[in-house]
Structures are given as C-alpha cells and as structure tokens.
Amino acid sequence: MRIYDPFRKKWIEEEIETPFPSKGLVATFPFVDLHVHVRLNGGEDYSSLEEASLVGGFFKVVVQPNTKPLIDSKEVLERHLDLSKNRAVEFLFAVSPFGSIEAEGERVVGFSTDGIEYDYPTLVETMKKKKKALWFDHSQMYEVDGIFYEGAPLPFQKRPRSNEAIAIARTVLTGLEYGFERFHIQHVTTKYSVEVISFLKNLAKVSCEVTPHHLFFCYEDIKNTNFKINPPLGSPEDRRALIEAVKKDVIDVLATDHAPHHEKPDDFLTAPYGSTSIEIAFPAYYTALGDLELVVKKLTKKPLEVLGVEARLTEDTLVFIDPEAEFIVDAKKFKSKGKNSMFDGVRLKGKVVALKLKGRWVMIDGEVIADQKEND
C-alpha cells in the first residue's frame, strides 16, 4: 500500500494488513481539526461529535468556547474536560478570553473569540490583562454587520467584505502591542483578508485557516438556510483568492468550523449560523483543491505546527483514503446530530475508508467500532 508521510513529504510503499479490501487505497497520518463546535443540552454532544470526527478521519479536534454556558470559567471548563475524557478522539479546548480563566492547563491550547460578540475597548482591556497564549481569532467588526456580504443576491442587511480584513489587522496589531505573539485567524473568507494576512505574517507569528464551504461555494450558490454561516460566503472572486492562497501557503490550515444544528428554520432571519461538515471535510477539500499531498499537509502537519505539537508517522496510527471514490453527500446519514450541511446532495471525490489509532481499528467504512477492546 502507498503511504504518504506529510512530515517528511515522502511516499512509502509498505504491506499493511487490513480487515477490508485495500486495493487502490492510500494511507496517511490522521487529521487534526482546529475548529469544531459542541452544543450539549440536547444538541451535538461529545459522543456524537466523536463518531462524526472518526468517520471524517479526525483524531484530534479543538472545541470552541461558544457553548451554553460559555467556556469562560473553571467550572464550565472542568465539565467539558470530564465529558470529553477517555475517548478515541482527543478533544482540546480554546477558552474564552473574556472570562475568569487563563488559557492554560489540561488540554487547553489557547484563547478563542469564536462566536463571542465583543467591542474594541473590551478587546484592548482583555489583551492588557490576560496571560499571553495562542490567540484564535474570529475576526469580525460587529459595529457594522449583516447576515451576508455586500453583493450577495439576497434582500437582507449586508456587511462590507472589508469587515473581516479590518478586524484581522485590529486584533493582530493590538495583540502585538500588549505582548501576544501567536495568532491564528479563523475561517478566512475574502481576498482582502488574504492580502492583510500576507502582510501581517511579516510582523508576527500569524497562521490562518479556511473552511471547506468557503473553498467550495460562493454567495451565488446560496439555496437555503444551510448556507447561512458566519462569516458568510464570499464572492466568486473571493473563493478563487482563497484557493490560490491555500496553494501558496498564505492559508496554512484546513479547518471545518463544524457547526451542527439538528434543525434549521427556513427563515434566514431566525435560522442559526452554521454548517455541518466534519464527516465530509476531506472529500470536500480534495474536490475543491485536487491535490492530495496539499490537502493532507494542511489537515495534519500544519495544524499540529499551530498547536506546537511534534508528531511522526507510524504504521499503527493511520487514516485510509480512496482518492478515486465518488459519492453524493446524504446529510441524513451523518453520525453528527447536525444535518444542516450545505454539501447535502453534492457529488464529492475522495473518501475516508477507515481509521486506525494506536493499533486499533476505530472506524471502518463509515461505521464506528463501539468496543475498541475487541481489536486487541
């Protein structure tokens, strides 16, 4: 079997025993997602998110803080740590910078502003006081806002496409002034943001990510409320700029922003933001970019670099992929409790077939193996 090592940028040929037909498959290091959401309280819990992650080929994910209640206190964080422990997927946490806790301790990787509305004075005061850590930034100027970007063919309040880029510059420059050194810009959406990030990389340690939906769709593709996401879909020109930025390494990481909702109303004004994507992230990225090595690098090596984690490829921990398989997405079959995917009904190329972690088969052909001890 052909194995791709993203850390050495090298293809290897090895014989690997599998409990499924392996002709035509390739294997590589399992995926890392820097951006997922959990709902609890009847929504996406850690069991369903774990299953969805494994089906997608992910073994390590970073949970964002905008749960109910926010992960902004020791008590709430400890609850999440307890609910997510002892699982096949390693759940890491980015906590709110606006609460009473610091970004330190067990499985905590940094601060995140994702899904938290704040103003500039609050940002300044927070950056002055908090211990310096990796800062995940949802870059948005809430003072001038709207459901979609200007140019979207829908009769709703719009936000300028420059909104995100201005917020990115504001966060990074303010953070530098108050001692922050590492910034990770979340879900980049416009050509303006790409240009600003490219410049800021000369001043600070800045990385960024893009979602599968922003690479695959633009605002001309909006059909229903599954396409209501924050930040919104950009223009066709923005989508092309994002693809080019991934190829040129201006965009470092591919991250899903997996935002599950069991049901979304048909009304754009009342429907929540978000799209479910972690189970079909690899094929969505592969279909959009068409470069297996590039996609694997930005789902493995690059997100681990953002986290400051060193890793190496071993034969007991692999994800198995069929790069030629094509299928039509059926969101009703997702393991996630969220069926709100804008990819529903879309034909994609590339399929995650199986996942092996520390010598144990944890997922085969879309089914999670419940009792992993049976693999011993």
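Note: Cβ is positioned from N, Cα and C throughout, glycine not excepted.
Annotation comment: Swiss-Prot describes D257 as active site. All protein chains shown were included, and the count of other CB atoms within 10 Å of the CB of D257 (active site) stands at 29.
Here the Cβ of H37 (Zn(2+) 1 binding site) has 24 other Cβ atoms within 10 Å, regardless of which shown protein chain they belong to. According to Swiss-Prot, the feature Zn(2+) 1 binding site maps to H35, H37, D114, D257.
In this structure, H37 (Zn(2+) 1 binding site) belongs to neither helix nor strand by DSSP; it is coil. The substrate binding site annotation in Swiss-Prot covers H37, V38, R39, N66, N230, H261, Y273, G274.
Annotation source Swiss-Prot lists Zn(2+) 2 binding site at D114, H138, H187. The Cβ neighbour count for H138 (Zn(2+) 2 binding site), using a 10 Å radius and every protein chain shown, is 23.
Listed in sequence order, H35, H138, E209, V210, T211, H214, P231, A255, D257 are the same-chain residues at least 6 apart in sequence whose CB falls under 8 Å from the CB of H187 (Zn(2+) 2 binding site). Using a 10 Å radius centred on the Cβ of R39 (substrate binding site) and all shown protein chains, the other Cβ atoms total 20. Rounded to a whole number, the C-alpha distance linking R39 (substrate binding site) with D114 (Zn(2+) 1 binding site) is 14 angstrom. In this structure, the binding-site residues H35, H261 were compared by how many other Cβ atoms lie within 10 Å of their Cβ, and the smallest count belongs to H261.
Each residue in V36, Q64, G115, H138, Q186, H187, A255, T256, H258, A259 lies on the same chain as H35, H37, D114, D257 and has a C-beta within 8 Å of the C-beta centroid of that Zn(2+) 1 site, without being one of the site residues.
Fewest other C-beta atoms within 10 angstroms, among the binding-site residues N66, N230, are seen around N230. Just so you know, the Cβ of Y273 (substrate binding site) picks up 17 other Cβ atoms within 10 Å once every protein chain is counted.
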